[in-house]
Amino acid sequence: MTVLIIIGALLIAGFLGWPLTTLVLKLARSVDHRAAEAVSSEQATVAEPEPAVVAESTSADSVTAELNPAEPQKVEPGRGEQSGAQQGSAAASEVVGVKVLRGGLLIGILERLAVVLCLVFDQPVAIAYVIAVKGLGRYPELKESPAASERFIIGTLSSMIFATLIGIAARWLIGIL
């Protein structure tokens, strides 16, 4: 009976954990898209100034600069030439541009199987090895893309929580039988 419980736990964790992790990642992505939409709507309002505001913004300094083009214009330190619209589009591209990590489905299944086995065989410390191997294997890809790093963390945590719950339930069933 113990073998059937272990096989059942492995099947549940390995294959039912995938839709759960996908759902969590979609929820996280929808939050990112809402943030990108908010940034792009702010960008649209900043990019189109009203004509009355443009006419009022002409100051004596700007007129003097136009009359004396030979004088170099002073730019205060810390002030870039980037407009609010350009900053908004840069922020939107950071939010939307997500690098996809290859092999995530298979790695996720193997990770959940390993976590369940660690718990069923009463070796919870070995879960740290699973996390370490996964993190070190993905490090070169993760250091290049902050968005991929965030998705990696969200996916790993949701996957590990599900596998831990299944492993604890399997261990409990083995204990009562």
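Backbone N, Cα and C define each Cβ position, glycine as well.
Keep in mind that what you see is a predicted model, and the values were worked out from it rather than measured.
Database features, via TrEMBL:
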type	residues	note
TRANSMEM	6-25	transmembrane segment
TRANSMEM	109-132	transmembrane segment
TRANSMEM	152-174	transmembrane segment
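If one looks beyond the transmembrane segment (152-174) by at least 6 residues along the same chain, the residues whose Cβ comes under 8 Å of a Cβ in the stretch are 2, 5-6, 8-9, 12-13, 16-17, 20-21, 24-25, 28, 101, 104, 108, 111-113, 115-120, 122, 127, 131, 134, 138, 142. The list of residues near the transmembrane segment (6-25) in space but at least 6 beyond its ends in sequence, with Cβ under 8 angstroms from a Cβ of it, reads 105, 108-109, 112-113, 115-117, 120, 151, 154-155, 158-159, 162-163, 166-167, 169-170, 174.
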